[in-house]
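Everything below concerns the one structure shown next.
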Amino acid sequence: MGVMAYPFLFCLLLVHFGLGAIGASREAPSRPDPPRERTLRAKQHAQQPARASASDPSAPWSRSTDGTILAQKLAEEVPMDVASYLYTGDSHKLKRANCSSRYELAGLPGKSPALASSHPSLHGALDTLTHATNFLNMMLQSNKSREQNLQDDLEWYQALVRSLLEGEPSISRAAITFSTESLSAPAPQVFLQATREESRILLQDLSSSAHHLANATLETEWFHGLRRKWRTHLHRRGSNQGPRGLGHSWRRRDGLSGDKSHVKWSPPYLECENGSYKPGWLVTLSAAFYGLQPNLVPEFRGVMKVDINLQKVDIDQCSSDGWFSGTHKCHLNNSECMPIKGLGFVLGAYQCICKAGFYHPRDFSFNNFQRRGPDHHFVESAKDVSEEVHVCLPCSEGCPYCADDSPCFVQEDKYLRLAIISFQALCMLLDFLSMLVVYRFRKAKSIRASGLILLETILFGSLLLYFPVVILYFEPSTFRCILLRWVRLLGFATVYGTVTLKLHRVLKVFLSRTAQRIPYMTGGRVMRMLAVILLVVFWFLVGWTSSVCQNLERHISLIGQGRTSDHLIFSMCLVERWDYMTAAAEFLFLLWGVYLCYAVRTVPSAFHEPRYMAVAVHNELIISAIFHTIRFVLASRLQSDWMLMLYFAHTHLTVTVTIGLLLIPKFSHSSNNPRDDIATEAYEDELDMGRSGSYLNSSINSAWSEHSLDPEDIRDELKKLYAQLEIYKRKKMITNNPHLQKKRCSKKGLGRSIMRRITEIPETVSRQCSKEDKDGGEHGSAKGSSAGRKNPQETAGGSGKPKEESLRSRVFSLKKSHSTYEHVREQPGGPGSPPAQSREEEEATDNSVLGSPVGANRPRPLQEDSQAVSTESVPLVCKSASAHNLSSEKKPGPTRTSVLQKSLSVIASAKEKTLGLAGKTQAACVEERAKAQKALPRERETNRKYSNSDNAETQDSAPPNSSHSEEPRKPQKLGIMKQQRANPTTANSDLSPGATHMKDNFDIGEVCPWEIYDLAPGPGPLESKVQKHVSIAASEMERNPTFSLKEKSHPKPKAADLCQQSNPKSVDKAEVCPWESQGQSLFEEEKYLMSKTQVPLGRAQGENSGQHCATGVCAGQCEELPPKAVASKVENENLNQLGEQEKKTSSSERNVPDSHNSSNNFQPPLMSRAEVCPWEFETPDKPNAERSVAFPASSALSANKIAGPRNEEVRLARKV
């Protein structure tokens, strides 16, 4: 055939690869195995349960039983040199052993050798043998003539054997046997063999020596074993169809074929050559091929075998199949067997790797079982098999990997953590108790000033901010890490959101530059804004929690492990990018709070709460910045104890400090210093109660002082403010009093003129003080005379104020302006019952601040309280900026008659100029009166023009829903206004002791000079109205003394209210006006001068107004100092005419109720007015009338303003 036959045969084998794959068959029932094979199989089946139990990791300290059996067999049955060669692979030791036949490793532990086919290095040889066998089956079964001419086809068989070695390098030898008689012939007829010798292949024809195959030995087992059980390897598709079906299958080229399962594997063996073992372990693979009988029955024809060199095949003792499978010495419960690749056919090529949580005590580099070196003898290792057992010891608790038994996890300080959690629980309990205490003292002024709901909200948010420390006390888990973010963000948004919104409310109310009243921010509105903030935070937390749950489904955990510098491990909640975003959001929110703190830094407030909130916001900003920096930078290296202490320190440096700043000042505030209470109004309580109107002036003042606006802008703003306040008051009065007629537009001019004159008070006072040097002598005598007249009044009233204090309180005895909306604050009370506590406090404060003479007759405790909170001890804090810069405006505005309100700022702005000049002003007033005598005749005509408008103004300014007890007050006001027009001197008698809160230290001509212009003599019926009012008021005082005291505690709108003391049935005149008893001589002197001599009206008024204060009707209003001449004249005439004056006074007192009892209001009086009040017919000088422009109209306006809030009190008096 030649050389070309070998490649051709090899190609045929490759083409037949697919046919061999198709010929899969079921294995037929086998014949009984020979005794040797049965013994080997029995041993293998007996060892399988042992291996199964050894591989069970649940058995405690379980170890491979096959490893122990293998060691024992190698020590007992295997020759020493062979066992050493098997462990080391050293061929020098193998050459020293003598042999007579080959040595097989039969009966060794491990599963069936047939399963060794799974080894990757044997797949090539196995496939080549299977393809060659199937090729012979096809050739012999398809052509019967091939069996008859063996010698002719001998070259084809040689080419087939040679192709096996050339096709697979791992095959070292291949052979084929052929026999025409299946069982009758004891030996095969043809025996061909090919051997690989280094780089060449040797072909041999051993047919002549094939007779030795007839003997069944270990060396011929590959042939006899297949010959005996050839039927078990047969498989023919369609054999159940009979001969016809079988022939049909052959026509379709579907015949008998073999597969890999039909290949017979021999145990590994060593060949014996020349009395010694040849180095290299071999294994024999053999397969039979078949022909067909004439009846198409398969018949055995021969065997093909290949010998494979195993020196490059690794032994896997860790696997579950193959040679020496499961013979490792690793303990399966604490270690893992890992084979070592590339070492060849040697034992011990594996490592025992300790499992997680275990370590090897004698191995410091890595935890494994090292294979013994080539210089070590097997016997030495066999002797200490028990000592070589690989044992892994457990690590410390929680350690996944370790090299020794030292702890790898951070050991927590239990006592430290217990102390922290105990203190945290105490703080949370105190926080909860603080909520109860705040609710318990919810009616306290300090709590109402801040708002109960807002304080409770801050405390609840602080309780949430205390929870992170409690969460970090426990072992981290996914739920705890999620809950940690929830309580932190919700608590932060609740606490500092509320604080920031409170600051925002202060900024909105106090720093508004508009004159229009903005809608105040109540506690409910702040809570609604806070709800929006919490809703945003809640929505973010829901989204973040959803993303965390989705990451858990992707096996992305929220729990991680950190490692300290000492390589100790601890569990922690991982820091995500969302944590950086939340920290940035907190920082930006606090920056907004810092801006608000800066904006409201100058705003006055009750208990300085914005100042403490600003400290809390700045503290949170700084501490949180440090906390987040440490947390983000050192989070992976801070163990659980340090992280717990970090959160603990951050919580108490921010939350606890915030609570302390908000609560401690409220409960530790002392009420002994009322100066701060008066100077800094409790604005937040007013805002929450919806009564912010009285503090609008303060907000505008603060805004102007903050931004330093131009004076023109201030004037424009104030004009808008007063105009809108007037419109609102008019609308409210018309709404509540539909019976009142609307005012005419022609009356608006007078109101605007009066307002502009009011604003000129500071300049008037400053001009009066400029004449101090000129009138020095007169000032000293006037001051002494005024002090002499005031002492009896102070003695009768029980007042102990020094003379300096009374002089200082003259100018500033005006009552603080009442807001249009403060009538709501009046609380009703039944007849005869004491008023409410809040009403008493308000009355006490008003009377003490005003310093009226009526306050001198009050009980001692109320008087002391009044002195404590008097405005004499209050710093100059302007409650509004109503007229600070309007005084410089010289341009007269359009006239307008409207009921305006006076504010305390009118006097507060002038106090800086006049506080030290109170005594000096008196001398200037005396000089001005002398000059006013010349101007009166010329201005009487001017005063008559405004008489009608003043009448209408007085009627409209009366309280709308007055009861029966207030009906006398309307004609009283109307009559008094007409008296002012009838006689200029009547202006001094138009102020009651209640009205002295505004002008007890000022002369009418000095403060309100336009009132002098408006005064003109009126008809007689006007006097009857005054007398009627006096008699009714006196009867009311007689029937209800409580009502009389109540009337004294508030400013009366007109001076005629005290004329009721002239009634014989009323209280004695000395009790109401004690100074009258000591000043009768002065009164008699004036009366005598009127009746005996015809004194000009202007000069008489100048003298009387300088000599004494008005008695009965005008008590306490004129405390001006007279000139020296008038004073000396008074002293001389007091001694001579005292008796006659007392008689005339009593007669005049009896005539007053007679005129009151008149049925017609326009009936002429029974006595002339000169007999009752002779000093009113004295005419002041013209210069005095010109200079005194400010006060009577303003006092009338103040009376009109104050009359509104007293409807309820007058209604009660009517019931009495």
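Glycine is no exception: its Cβ is also placed from the backbone N, Cα and C atoms.
What Swiss-Prot records for 864-873 (among others) is compositional bias 'Polar residues'.
Look at Swiss-Prot and you will find 945-963 (among others) tagged as compositional bias 'Polar residues'.
Residues or ranges marked as compositional bias 'Polar residues' in Swiss-Prot: 980-991 (among others).
As annotated by Swiss-Prot, compositional bias 'Polar residues' applies to 1154-1163 (among others).
If you look up Swiss-Prot, you'll see ASN98 (among others) marked as N-linked glycosylation site. Within 10 Å of the Cβ of ASN98 (N-linked glycosylation site) there are 11 other Cβ atoms, across all protein chains.
The N-linked glycosylation site annotation in Swiss-Prot covers ASN143 (among others) and is backed by sequence analysis. Sequence-distant neighbours of ASN143 (N-linked glycosylation site) (same chain, 6+ residues apart, CB-CB distance under 8 A): none.
DSSP gives ASN215 (N-linked glycosylation site) a coil state; it is part of no helix or strand. Neighbour list (ASN215 (N-linked glycosylation site), Cβ cut-off 8 Å, at least 6 residues apart, same chain): empty. The N-linked glycosylation site annotation in Swiss-Prot covers ASN215 (among others), and the record cites sequence analysis as its basis.
What Swiss-Prot records for ASN274 (among others) is N-linked glycosylation site. For the recorded site, ASN274 (N-linked glycosylation site), the DSSP three-state label reads coil.
Under the heading N-linked glycosylation site, Swiss-Prot lists ASN333 (among others). In the three-state DSSP scheme, ASN333 (N-linked glycosylation site) is classed as coil.
The feature phosphoserine is assigned by Swiss-Prot to SER694 (among others), with similarity to another entry given as support.
Swiss-Prot lists SER705 (among others) with the feature phosphoserine.
Annotation source Swiss-Prot lists phosphoserine at SER708 (among others), citing similarity to another entry.
Annotated phosphoserine per Swiss-Prot: SER866 (among others), in sequence order.
Per Swiss-Prot, the feature phosphoserine maps to SER947 (among others); the stated evidence is similarity to another entry.
Residues or ranges marked as phosphoserine in Swiss-Prot: SER1066 (among others).
Per Swiss-Prot, the feature phosphoserine maps to SER1081 (among others); the stated evidence is similarity to another entry.
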Cβ-based isolation winner (fewest other Cβ atoms within 10 Å) among the glycosylation sites ASN274, ASN333: ASN274
Across the motif 'VCPWE motif 3' (1172-1176), average pLDDT on the 0 to 100 scale: 55
DSSP-derived structure type at ASN143 (N-linked glycosylation site), helix or strand or else coil: coil
Cα-to-Cα gap, ASN98 (N-linked glycosylation site) vs ASN274 (N-linked glycosylation site), nearest whole Å: 9
